[in-house]
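Notes for the one structure printed next.
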Amino acid sequence: MATVAPTSCASGGGIEGCSRASRFAVHVIKGRWFSVCASFLVMIGPGTTYLFGIYSQEIKSALGYDQTTLNLLGFFKDMGTNIGVPAGLVAENFANTGALVTCVKNFPESRGIMIGLLKGFVGLGGAIMTQFYFAIYGDDSKALILMVGWFPAALCVIFVYTIRTMKVVRQPNEVKMFYQFLYVSIVLALFLMVMTIVQKQIVFPRAAYAGSVTVVCVLLFLPFVIAIREELTFWNLERQHDNSPTEVTVEKPQEEESKPVALPPVSSTQEEEKPNSSSFFANVFKKPPRGEDYTILQALLSIDMLTLFLATMCGLGSSLTAIDNLGQIGGALGYPTRTISSFVSLVSIWNYFGRVFSGFVSEILIAKWKVPRPLMLTLTLVLLCVGHLMIAFPAPGSIYVASVFIGFAYGAQLTLIFAIISELFGLKYYATLFNCGQLATPIGTYVLNVKVTGMFYDQEALKELAKKGMTRSSVKELICIGVQCYKKSFIILAAGTLFGAAVSMILVIRTQEFYRGDIYKKFREQADASQTEMALSPSNKSAARLGSLQ
């Protein structure tokens, strides 16, 4: 069928054309697909946390910090990134809760794919911001700190009113749309990786960085074009149906509309609202089956959540420790500053691949072979352990490979953990529960980054000063050079990650029966009920008939 664009004011359509164009614009902006595309851009903002490795050396030099103090600063950065419990309880106004949770609720049957894409853009955020940083400020790492302050805030202000929870209506081409978004994001990731490699070999002028940023912007806004094209197809189908003189509805409208029994049944989420709202502590130890809506206390006091919390503390805690120390790791091993920026970009790009890969692949494994999603988390932690060992025992060029492994494993963990929480404990309190799960991350980074990695680094640096007959007061900045600076700490990180993999296997065993069932059955029934309700509503009959035409 030929697609006809809405008549515009400039094309001679007059007042009627302007009205149609404006109605179509409002239809697009209020649609689910535009909300998803806006969420992609908003999720770039949290990716700034991965740039700490670029500007941390600037902070250390300017303020004369030792590594323990610098890692403590990194811990507070990670704590601020991961503590979103107030946002989940109050109004969902943080990027992770506001964008991610909203999109998961809007597309519950594609949650693995949805989380993978959204968290994938978080992963790319560091590499995207690096390109913008070089194009706007050049090689001034102090200016990067300023950019980290205003860039994410600007994105949120622009798109804040377009991201909201909507009624779930199943569309036959939903997965196809997500794959189109995936292809665009893969092209963006590959372009950023090529630019990272080329910029390491060639000194780029400011104009070349501006050209690179232009391509990045085109790829970032391409999903909006895909969304508008999809909305235009539905818009034309709806207009064609409304203008059709031959179509007559003879499906017993009076009989169906007069029956109040025909309305869809109340969902399990709505049924549980009444008893749960009467007492916050009611039925804490009478947990529902996995997949149903847990209360906050029921979920937090469950063995499944405690097991996942411990695995997260080991896995994400050690991952962020490695990412935050990339700048000092590169310096200790003698890499120049521009190469250290390449490490950060590689982590960011492969962070994206890990998030998207784990989301799409784990969804396929569940659908086809009923493979428990926690099993993929276990395998990811084993890969992360290998990355830590490559830093503990470095070989020429091994830090590049370690950056890829750590970035991929870190991204994959995030997608898998968020999906697992939504599947085991339901979506009713998802915003709060996944932020509670994220609390394990700053706890892990405090122990592993501040108390282990920072302490061992400073000990080795003080040993070097003692060999030169100097003390800590003799120098402003405490620097360690050599393989020994991070050897002990990364052996401990590898051991902790391996322990986390063993803990996650407990969750695999506990949930394998759950994943053998149909975990999305409830959401399909709710979507069908919503469609039935829309079909019974006179104002929405055209939308229901549109689904049948599709």
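Placement of Cβ uses the backbone N, Cα and C atoms for every residue, glycine included.
Here TrEMBL flags 245-259 as compositional bias 'Basic and acidic residues'.
Look at TrEMBL and you will find 92-228 tagged as domain 'Nodulin-like'.
Predicted-model confidence for the domain 'NFD4 C-terminal' (302-515) is 94, expressed as mean pLDDT. Annotation comment: TrEMBL describes 302-515 as domain 'NFD4 C-terminal'.
The region 'Disordered' annotation in TrEMBL covers 245-275.
Residues or ranges marked as transmembrane segment in TrEMBL: 33-55 (among others). Using a Cβ-Cβ cut-off under 8 Å and counting only residues 6 or more beyond its ends in the same chain, the transmembrane segment (33-55) has close neighbours at 74, 77-78, 81, 95-96, 98-100, 102-103, 106-107, 114, 117-119, 121-126, 128-130, 133, 141-142, 144-145, 148, 151-153, 155-156, 158-159, 162-164, 166, 177, 181, 185, 220, 223-224, 226-228, 230-231, 323-327, 340-341, 343-344, 347-348, 351.
The feature transmembrane segment is assigned by TrEMBL to 115-137 (among others).
When Cβ-Cβ distances below 8 Å are used as the criterion, the transmembrane segment (143-161) is approached by residues 38-39, 41-42, 44-46, 48, 51, 54-55, 58, 95, 98, 129, 132-133, 136-137 of the same chain, each at least six residues removed from its ends. According to TrEMBL, the feature transmembrane segment maps to 143-161 (among others).
Per TrEMBL, transmembrane segment is recorded for 181-202 (among others). Residues 36-37, 40, 113, 117, 120-121, 124, 127-128, 131, 134, 212, 215-216, 219-220, 222-223, 226, 338-339, 342, 345-346, 348-349, 352-353, 356, 360 of the same chain lie 6 or more positions beyond the ends of the transmembrane segment (181-202) yet place their CB under 8 Å from a CB of it.
Taken from TrEMBL, the feature transmembrane segment covers 208-228 (among others).
What TrEMBL lists as transmembrane segment is 296-323 (among others).
What TrEMBL records for 335-353 (among others) is transmembrane segment. Cβ atoms under 8 Å from those of the transmembrane segment (335-353) belong to residues 47, 50-51, 53-54, 57, 120-127, 130, 185, 189, 192-193, 196-197, 199-200, 323, 326-327, 329, 399-400, 403-408, 410-411 of the same chain, restricted to positions at least 6 beyond its ends.
Annotated transmembrane segment per TrEMBL: 374-393 (among others), in sequence order.
What TrEMBL lists as transmembrane segment is 399-421 (among others).
Proximity of distant same-chain residues to the transmembrane segment (490-509), defined by a Cβ-Cβ separation under 8 Å and at least 6 residues beyond the stretch ends, is recorded for 304, 307-308, 310-315, 317-318, 321-322, 372, 374-375, 377-378, 381-382, 384-385, 388-389, 391-392, 420, 448, 452-453. If you look up TrEMBL, you'll see 490-509 (among others) marked as transmembrane segment.
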Non-local residues, at least 6 beyond the ends, that sit with Cβ under 8 Å of the transmembrane segment (399-421):
100, 111-112, 115-116, 119-120, 122-123, 305, 308, 312, 315-316, 319-320, 322-323, 326, 329-330, 333, 335, 342-343, 346-359, 362, 373-374, 376-377, 380-381, 383-384, 386-388, 390-391, 430, 433-434, 437, 507
Could you tell me how many residues in the domain 'Nodulin-like' (92-228) are helical, how many are strand and how many are coil under DSSP?
115 helix, 0 strand, 22 coil
